[in-house]
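Report on the structure given below.
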Amino acid sequence: MEPYNLTGALEFLLLGLSEDPELQPVLFALFLLIYLLTVLGNVLIILAISSDSHLHSPMYFFLYNLSLSDMGFSSTTIPKMLINMQTHNKSITYAACLTQVSFFTLFGCMDSLLLTVMAYDRWVAICRPLYYQVILNPGLCRRLVLMLFFISFMNSQVHYLIVSQLKFCTNMEIPHFFCDIPELLKLACSDTSINNLFRFLLSIIFGFLPVSGIFYSYYKIISSIIRVPSLLGKYKAFSTCGSHLSVVCLFYGTGLEAYLSSTISRSTRENMLASVMYTMIVPMINPFIYSLRNRAMKKALQKIFS
């Protein structure tokens, strides 16, 4: 088959989670609810942090940006899937597919890097409490977020180039609910060995390095907590990390599952279920974890509702 040099006029077909017409209304209602809860939860977090002066600290500044990134992450995939379900049209243009790849990588990488910086924030707060406001001053926090966005943007552009260099044959069906890079690589007619190598290297850089930073931060935190003489003091110190640690385990656990299922497993259904957990469930749960386990956040949300 002769490979095509794709233009914006050509389209892919997103096969979605199920082709059963009876399941479509159920899936539409379920994913619409998940998306609305994701947006509502993260908007409430953003409003709570913006409106309450007690939450104007480095930890909540990073949480504010994490909520923005989570909304972008979900908005990259869910709305298009809902539109396709509602219109019974599975097509996505080549340009829209590349855009989806770019934004998906941007917000996914931003989430990963923000969680790493938030681990550093907890390290400074527990191990260097007297210097916390000095080390993580507002200017440094803003520069850190800008730097993370720039790194994430560069990563997304590299992935954009990886996909844009691919050539495709007559089979334009993607067995997924969004333009997933591994599925596009499998679909390509051209040689993808270099593309796969670049993707593997980027996965190490933007997966292994942030995880290593988080592990190192928590190693320092645990070493510091062990030296606290009282059990109550240990509990109070570690409780400040509980929400962040829960989100880290969810994000990287589901992310690793999605990566391994797309790379190793041949089951399309397993890959899609892992992607649903990673792209939909985690951004929806994050606001609830941070609000339910945090007294200051609860008070700020009560003020908004009252």
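Keep in mind that glycine also has a Cβ here, set from the backbone N, Cα and C atoms.
According to TrEMBL, the protein carries these features:
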- 26-49: transmembrane segment (TRANSMEM)
- 41-290: domain 'G-protein coupled receptors family 1 profile' (DOMAIN)
- 61-83: transmembrane segment (TRANSMEM)
- 103-123: transmembrane segment (TRANSMEM)
- 144-162: transmembrane segment (TRANSMEM)
- 200-219: transmembrane segment (TRANSMEM)
- 240-260: transmembrane segment (TRANSMEM)
- 272-292: transmembrane segment (TRANSMEM)
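Same-chain residues lying 6+ beyond the ends of the transmembrane segment (272-292) with a Cβ under 8 Å from its Cβ atoms: 17, 31, 34-35, 37-38, 41-42, 44-45, 48, 63, 66-67, 70-71, 73-74, 76-78, 104, 175-178, 180, 243, 246-247, 250-251, 254-255, 257-258, 261-262, 298, 301.
Contact count against the transmembrane segment (240-260) (Cβ pairs under 8 Å) is highest for 103-123, out of 103-123, 144-162, 200-219. Annotation: stretch 61-83 has the most Cβ pairs under 8 Å to the transmembrane segment (103-123), among 61-83, 144-162, 200-219.
Note on the transmembrane segment (61-83): residues 14, 16, 28, 31-32, 34-35, 38-39, 42-43, 45-46, 49-50, 89, 92, 96, 100, 103-104, 106-108, 110-111, 114-115, 117-118, 121, 138, 141, 145, 177-178, 279-280, 282-284, 286-287, 290 of its chain, located 6 or more positions outside it, place their CB under 8 angstroms from a CB of the stretch.
Outside the transmembrane segment (144-162), and at least 6 residues removed from its termini, the chain residues within Cβ reach (under 8 Å) are 61-62, 65, 98, 101-103, 105-107, 109-110, 113-114, 117, 181, 195, 198-199, 202, 206. Taken together, the residues of the domain 'G-protein coupled receptors family 1 profile' (41-290) have an average pLDDT of 87.
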